[in-house]
Amino acid sequence: MPSISHKPITAKLVAAPDATKLELSSYLYQQLFSDKPAEPYVAFEAPGIKWALYPASEDRSLPQYTCKADIRHVAGSLKKFMPVVLKRVNPVTIEHAIVTVPASQYETLNTPEQVLKALEPQLDKDRPVIRQGDVLLNGCRVRLCEPVNQGKVVKGTTKLTVAKEQETIQPADEAADVAFDIAEFLDFDTSVAKTRESTNLQVAPLEGAIPTPLSDRFDDCESRGFVKSETMSKLGVFSGDIVSIKTKNGAERVLRLFAYPEPNTVKYDVVYVSPILYHNIGDKEIEVTPNGETHKSVGEALDSVLEAAEEVKLARVLGPTTTDRTFQTAYHAGLQAYFKPVKRAVRVGDLIPIPFDSILARTIGEDPEMSHIPLEALAVKPDSVAWFQVTSLNGSEDPASKQYLVDSSQTKLIEGGTTSSAVIPTSVPWREYLGLDTLPKFGSEFAYADKIRNLVQISTSALSHAKLNTSVLLHSAKRGVGKSTVLRSVAAQCGISVFEISCFGLIGDNEAQTLGTLRAKLDRAYGCSPCVVVLQHLESIAKKSDQDGKDEGIVSKLVDVLADYSGHGVLLAATSNDPDKISEAIRSRFQFEIEIGVPSEPQRRQIFSHLTKSGPGGDSIRNAPISLRSDVSVENLALQSAGLTPPDLTAIVQTTRLRAIDRLNKLTKDSDTTLDDLLTLSHGTLQLTPSDFDDAIADARQKYSDSIGAPRIPNVGWDDVGGMEGVKKDILDTIETPLKYPHWFSDGVKKRSGILFYGPPGTGKTLLAKAIATTFSLNFFSVKGPELLNMYIGESEANVRRVFQKARDAKPCVVFFDELDSVAPQRGNQGDSGGVMDRIVSQLLAELDGMSTAGGEGVFVVGATNRPDLLDEALLRPGRFDKMLYLGISDTHEKQQTIMEALTRKFRLAADVSLEAISKRCPFTFTGADFYALCSDAMLNAMTRTANEVDAKIKLLNKNREEAGEEPVSIRWWFDHEATKSDIEVEVAQQDFEKAKDELSPSVSAEELQHYLKLRQQFEGGKK
């Protein structure tokens, strides 16, 4: 059974360079190991160290709360004493570890035995442990441990891999080990200063609540600050004392100051407060003054330094939540819960957030039968916030007035009126602090986000009174690319509210009802300016007519509505997945159009970084903060997920988390440990491994490839292609150069992105295209001619555009046109009345021209044809399919043997098999497909021969059993009890190949081969 999890305890660690264990005082040892286990282990957390594993022992000479250990190889810390948190763990055995050795030491330390021998002085003899990231003797470093980051080393079980250290730039995480704050190693006088003078401190926001000795029901959590204990000594106060703070403009507040919980890496001379208080203070530097000569400590309430207000007025900050009547019950209950149990310290102008669950609140507000649900449930899992602002205290609206205490038993609380104050921008982490989902940050990789940010700032700034009438249409060819999300994120960064109006929800029984609903929603939104109004799915109410080109009757009236609600400090935005369906009259009303495509590789990299960013976590493993193992590359994840949308990437990370949990659950069953211990051994996080991601991405590909057209990377390597060494070199020169050296093509030099394979059928043209995609980790699109044809005018050309757009979305990508002569024949020679083939060729030419310009980088077009003489001449001009490679029939027996070796890589060949002898019997008219048929037939012959031999053995066995008076046996019984390894495994013999060769006829005749050689002479001779 897994061991019981133990609660952590605090202690003081003394650095001991010679210790191989973590030695504990008798008191600490008894607290952690009262049951006296045979092999005690402990993990400790300290500033800059996250749960390092050590074997534990008892040292009776140490003081009560003291322990000692050698931590140089864990963190390289120079500190002699440090506060730590100790935790008993039951470690697992490390199955595999990778250790890198400096190049100067590699000649003497290049085997696992030599490395282990060199590490003996550093490892405990009885219970050696190894930790990922450890800097070992002689400059060795532990790069990777499996299945967790640290654990026991067991002889015969733990496998050690030794690799030479690469001479590279120092990684950022290793550089961080030596980038310490020098103040951390200065000596502080830990006694409280006798003089209680004011001190200037910086202010910084917290990302999560910090527990204190005081209950939130007793003390105002929005009037707390946290500093390092050394800073408290400098101020001359105790933890829990009440101090006064003053900003540069003279505004004063009281603050209860606590010591930041140890261990921590927070900065000195910085006071950390809640993001709400940080915004309300409004200054990054404050003057902190202790309250008089006496300490106002934990036992003292705030009313000992603040008087209670007689009356306080709150105004709703206009926004989507405070103007929605269905949420009134929710935020009124939240206000009551905020003020009733606790005395709150407030000033005029302070913002007060009331978080709540909008889905549950709307259900309660709209359905009377749900009124029995307790209102406390509204704050359990919040997703929205209603903001309020203190507008008056004791009748004074002066922001410079003093701070008061709101006591529900003495203070009259009035909620009324509205204000259009801007809310707190998301640069201050208030969403994380309140437990809301964080909005993604759109960095420099998202160029369209900068454009939207400029539009939001201009339309909602002080210039908005000039009636700029700013409007923007965001459109995309695929759903779920983040049109509404980028608007929410950018507006939140600017502290601006967003009103989202779904046009599907506006559609009524008639035009008047639809327009009336729209006007009502716009009236509510425009009353909250400055804000952003988003009309989602605009094409649903502003459709272009499909018949005569005339707009529907509602369109002209909708134009008037949009004109009436332009300007006034509001950015009018609309989103659409198909802008071509929107009426031109409506579309022309939008001054800006921004296309948002499927995320590119750099954008996917940033999305994955956001999704895998470790948060504060929670109590259960499903809420534990996540981290990436050192061998997980975000760049590789971005490459493998080409063509996927942000919701798909989110699903991948969620699936990966579940797979990691399943992996740890299985590990707990196989070992005597708990999930809590496994998280501790992974430095307190749920660590995601490459195998977790591979399975999740494979699932996403399999599930969504058909519905969203996500291309896949094929699994065909050069080993599967034989006899094409010369062609391989030309391909590498054409494709590898722009991928490895893209900066060479940034100065106007056009790259060659089109390759045309031509030659007899069955020579491996399709196989070679897949090998290209696999070799360079490119996604692969295969396009067949009939897939592009459509009966409607213009749709065939649109299909060509969509193919190339998908390729650009999934780059780096290979677009493979099989049987290109059926897709792009010579123009003017077709008999179709509509000229559809000519238009397809023209569209294909236009798209190929775009591949060598901006936006086409990373997209390579490969065509294959048996009849290059039927292709349109324009396709073969420079910038299109200008690299023509002839894939012919092997003209030597050595090349034929190479092809057969590639085809039989996974065969079990008998000792008598000679591929050289077989190839010498083959004529020079055999294509690659013929050799594939030869090898397949040989395998089939071997299977038939083996099956006949098995049948003969079973027949003989049953005959003997019948003579002995026993029942005959079945084939299944024979395979379970009598079959040998040779009966189960099929081995291909020389006779199988010879039989297949004798029965095979070439697919290309000598006359046809001469025809293809003439074509080669025509194109390679006349086109050079």
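Even glycines carry a Cβ here, placed using N, Cα and C.
Database features (Swiss-Prot):
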type    : residues                                       : note
BINDING : G759, P760, P761, G762, T763, G764, K765, T766 : ATP binding site
Notebook entry, point to check: Which chain-mates of T763 (ATP binding site) that are at least 6 residues away have a CB under 8 A from its CB, listed by sequence?
Noted result: L887, G888, I889, T927, G928, A929
Checklist line | Listed in sequence order, residues not in G759, P760, P761, G762, T763, G764, K765, T766 with Cβ within 8 Å of the centre of the ATP site Cβ atoms | finding: F757, A864, N866, L887, T927, G928, A929
Next item on the list: Can you tell which of P760, G762 has the least company, meaning the fewest other C-beta atoms within 10 angstroms of its C-beta, among these binding-site residues?
Entry: G762
Check: Within 10 Å of the Cβ of G764 (ATP binding site), how many other Cβ atoms are there?
Finding: 26
Notebook entry, point to check: For the binding-site residues G759, P761, which Cβ has the most other Cβ atoms within 10 Å, all shown protein chains included?
Noted result: G759
Margin query: Counting Cβ atoms within 10 Å of each candidate's own Cβ, which of the binding-site residues K765, T766 comes out highest?
Written below: K765
